[in-house]
Structures are given as C-alpha cells and as structure tokens.
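Remarks on the structure that follows.
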Ligand SMILES: O=C(CO)[C@@H](O)[C@H](O)COP(=O)(O)O
C-alpha cells in the first residue's frame with residue numbers, strides 16, 4: 001500500500017502560496033489537497049477553478065480536489081479543465097452519486113467519495129467497486145483547524161475491513177485535525193492518504209512536511 005501526504009492549502013499563507021507549495025513538494029508530499037466550499041453544503045466559502053489553474057502550473061503534485069459543494073456534478077468538468085487529478089464528492093451532497101461518479105470517470109479523473117462524521121460507513125459499501133478512494137472526515141467539514149474526532153478511528157477500521165473483504169484497490173483518505181502526534185493512530189486504523197492543513201502550513205511547512213513524511217515512510 002502507498003502512503004501519501006496531501007497538504008491542505010486551506011491553511012496556507014496565500015500571500016506566499018507558490019513558495020509554500022514548493023516547500024511541501026520538495027519534502028515529498030505527492031498530493032496537494034484543494035478544499036472547495038460553496039457556502040451551502042458547508043457554511044464557509046473558499047476558492048475555486050482560477051486558483052487551481054494557477055497552482056497546477058506551479059507544481060507537479062497531484063491535485064486532490066475535495067468538493068464540499070451541493071450537487072458537485074455541476075462542476076466536475078470545470079475542475080477537470082482547471083487541473084484536477086482526483087475529484088472527491090460528498091455522498092451527502094449528491095442527488096445521484098452513481099451518475100456523479102460516472103461523470104468524474106468520464107473526465108478521466110480518479111473519483112473519491114467522502115462521508116461526514118455522522119454518516120454511517122456502510123453507506124459507501126455499494127460504491128466501493130466503482131471508486132478509487134473514500135475520504136473519511138475526522139472533523140465536520142467547513143473549516144480548518146478543528147479538533148480530530150476520535151470516533152473516526154473506528155470508522156477507518158470498519159472501512160478498511162470492508163475494503164479488504166472485497167479486495168478492492170480503494171485508498172482511505174482521512175481529513176481534519178491530523179498532526180504528527182496523532183497520525184500514527186490514523187495510519188494504524190487503516191488510512192493511507194493523510195490530509196493535513198494546519199499541521200503542515202502553520203509554522204515551518206518544510207519541517208512539518210518532513211516530520212509527516214518520516215512517519216509515512218516508516219509504514220511502507
Ligand atoms: O476539508 C477540510 C475542512 O473542511 C480540511 O481539509 C481541513 O482543511 C483540514 O484542516 P486541518 O484540520 O488539518 O487544519
């Protein structure tokens with residue numbers, strides 16, 4: 001299994017974004033997590049296609065786009081054109097999740113399905129044969145800098161067992177409140193893609209990424 005860090009630029013210093021991205025890429029972060037918020041599915045509004053388009057030119061990292069928007073199917077092509085590689089949609093936000101997954105795949109992109117902390121893990125079971133990743137939220141989506149919800153660990157374990165049973169090559173990404181101090185618990189539970197915003201970009205992004213990468217490498 002590959003273990004990957006996906007730094008969430010929501011916590012980055014936007015006056016210095018290019019440089020911050022360079023620092024995390026240099027330390028081996030293979031993905032860049034791009035949180036899109038619409039003010040409807042979640043209360044906050046973040047950024048969209050023009051920002052992704054600029055970032056895409058500045059790095060060779062994989063663009064890991066997390067759409068926290070109502071009816072994300074409306075925006076899949078736009079984010080493909082802007083440079084997305086993975087598109088993750090929320091199960092709770094889609095009228096027709098199967099159609100949304102088809103739309104992501106028809107754009108040639110990897111598809112993730114995300115679930116909020118109160119959505120039963122079992123809700124993703126019927127999609128596991130059709131997607132590349134499940135994103136388990138370990139905070140309520142909408143804001144960076146929140147505290148990790150410990151119940152997420154059981155949910156990760158449950159999902160990993162489900163995935164192993166059907167032998168599907170599905171990544172488990174976990175997002176929210178992850179730091180070097182608790183990332184091992186998340187990995188031990190069965191996650192292999194780690195999103196970290198504050199823990200990477202607050203302080204020294206290079207040093208912070210290095211710490212995460214040392215831990216992730218020790219799992220390979
Ligand atoms: O999607 C979200 C929040 O909705 C996350 O990607 C956060 O951006 C993670 O931030 P930290 O909890 O790591 O600060």
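Glycine too: its Cβ is placed from the backbone N, Cα and C atoms.
Automatic prediction, not curation, is the source of TrEMBL annotations.
Per TrEMBL, the feature substrate binding site maps to 8, 66, 142, 143, 144, 145, 175, 176, 177, 197, 198. Under the heading divalent metal cation binding site, TrEMBL lists 33, 35, 66, 175. Among the features that TrEMBL reports, active site, proton acceptor is placed at 35. Per TrEMBL, the feature active site, proton donor maps to 175.
A coil conformation is recorded for residue 177 (substrate binding site) in the three-state DSSP classification, outside any helix or strand.
In sequence order, 35 are the binding-site residues from 33, 35, 66 with a C-alpha within 10 Å of the C-alpha of residue 142 (substrate binding site).
Residues within less than 8 Å, Cβ to Cβ, of residue 8 (substrate binding site) and separated from it by at least 6 positions along the same chain comprise 33, 34, 35, 144, 175, 195, 196, 197, 200, 201. Under DSSP, residue 198 (substrate binding site) is assigned to a helix (H, G or I) in the three-state scheme. For the pair residue 66 (divalent metal cation binding site) and residue 177 (substrate binding site), the C-alpha distance works out to 16 angstrom. Secondary structure from DSSP puts residue 144 (substrate binding site) in coil.
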